[in-house]
Amino acid sequence: MFQPSQFQPQWWIRNAHLQTMLPTISRRNLKLTTINERLELEDGDFLDLAWTDLPAAENNKPIVVIFHGLEGSVESPYVKGIMRAVTAAGWVGLVMHFRGCSEESNRLLRAYHSGDTSDAGYVIGLMAKRYPNAPLFAVGYSLGGSVLTHYLAQTGTKSQLLAASIVSAPLLLAESAERIKKGFSKAYQRRLIKRLQDSVVRKFEHLDMRSALDMTTKQVKKLNTFVEFDDRVTAPLHGFKDALDYYSQCSSLQFLHKIQTPTLFIHAEDDPFLTKKVIPKLEDMSDNILFELSRYGGHVGFVYGSILKPKYWLEERIPTWFNEFTKENKL
């Protein structure tokens with residue numbers, strides 16, 4: 001169901017781009033100490049995890065699994081922010097880095113994409129097995145939110161999560177790819193495409209990416225839009241015909257009705273990465289979804305307060321939502 005958001009920023013911070021950029025700019029030096037763990041995978045690749053604390057097997061504290069956005073990591077300010085909020089609640093935070101998003105390139109040609117749930121499912125299943133006494137939650141931001149949406153839809157009543165939260169997810173990929181080519185949003189596209197290019201070019205050093213992509217590093221560096229990148233890189237590396245095939249199969253709006261886990265979607269109407277077409281209709285959603293829509297918030301922004309002391313609403317709302325499903329219910 002839909003629910004009006006309680007997020008109400010002050011007048012000076014209602015611009016969508018300010019909402020999007022300020023949480024990053026204001027927290028560049030945010031400190032977070034983590035414990036790293038590497039999972040070796042059966043396909044010869046690996047996943048890097050970052051923990052707030054590595055709990056013992058008998059742990060019964062809630063564990064929150066965090067899925068970052070495109071080319072994000074535990075170093076992303078919004079990830080550090082939610083990890084600190086989770087720690088403040090007395091819980092355990094865990095970031096799963098998508099392949100190639102930690103400090104080391106992954107070993108295989110493939111990387112990750114908006115509809116790939118295999119790694120997310122593996123990590124969630126592993127946590128449920130390791131810590132059978134711990135309440136398990138998950139939150140996904142942007143692309144990570146798309147991945148988590150797919151996972152929840154695919155697993156139905158067997159998600160192994162008590163609840164989930166999804167922030168600023170691109171539920172219609174083609175719409176998002178077109179939106180980010182327009183106006184000031186092009187600046188976000190340039191920044192993200194540069195990161196994607198750098199990630200792919202690094203893999204040319206130890207993998208036969210040239211044969212896999214039929215491209216040189218110079219050609220990779222000339223890909224200027226998400227449509228171009230997804231057409232020439234994402235699609236061939238992950239079994240799609242082209243960008244449109246990828247967008248069609250992996251747009252998660254079409255699967256919302258399958259979600260059986262209590263899930264809070266947080267979305268802003270002014271998101272500069274997305275169009276209003278990504279906002280689902282009531283009939284698109286299962287009864288397990290609470291969709292909070294705010295007028296302001298930008299993309300993974302939701303900042304309020306003063307210039308000197310900005311506050312980050314996502315780090316209040318998400319723990320409060322998860323707390324509804326814990327036995328202690330003490331926040």
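Glycine too: its Cβ is placed from the backbone N, Cα and C atoms.
In TrEMBL, annotation is done automatically, which means it is predicted and not curated.
The feature active site, charge relay system is assigned by TrEMBL to SER142 (among others). According to DSSP, SER142 (active site, charge relay system) sits in a coil region rather than a helix or strand. Of all Cβ atoms in the shown protein chains, 25 besides its own fall within 10 Å of the Cβ of SER142 (active site, charge relay system).
As annotated by TrEMBL, active site, charge relay system applies to ASP271 (among others). Other Cβ atoms within 10 Å of the Cβ of ASP271 (active site, charge relay system) number 28 in total over all chains.
Sequence-distant contacts of HIS299 (active site, charge relay system), defined as residues of its own chain at least six apart whose C-beta falls under 8 angstroms from its C-beta, comprise ALA16, GLN19, THR20, SER142, SER168, TYR188, ALA268, ASP271, PRO272, PHE273, LEU274. According to DSSP, HIS299 (active site, charge relay system) is assigned to coil rather than to any helix or strand. Residues or ranges marked as active site, charge relay system in TrEMBL: HIS299 (among others).
The domain 'AB hydrolase-1' feature in TrEMBL is assigned to 62-303.
In the predicted structure, the domain 'AB hydrolase-1' (62-303) carries a mean pLDDT of 97.
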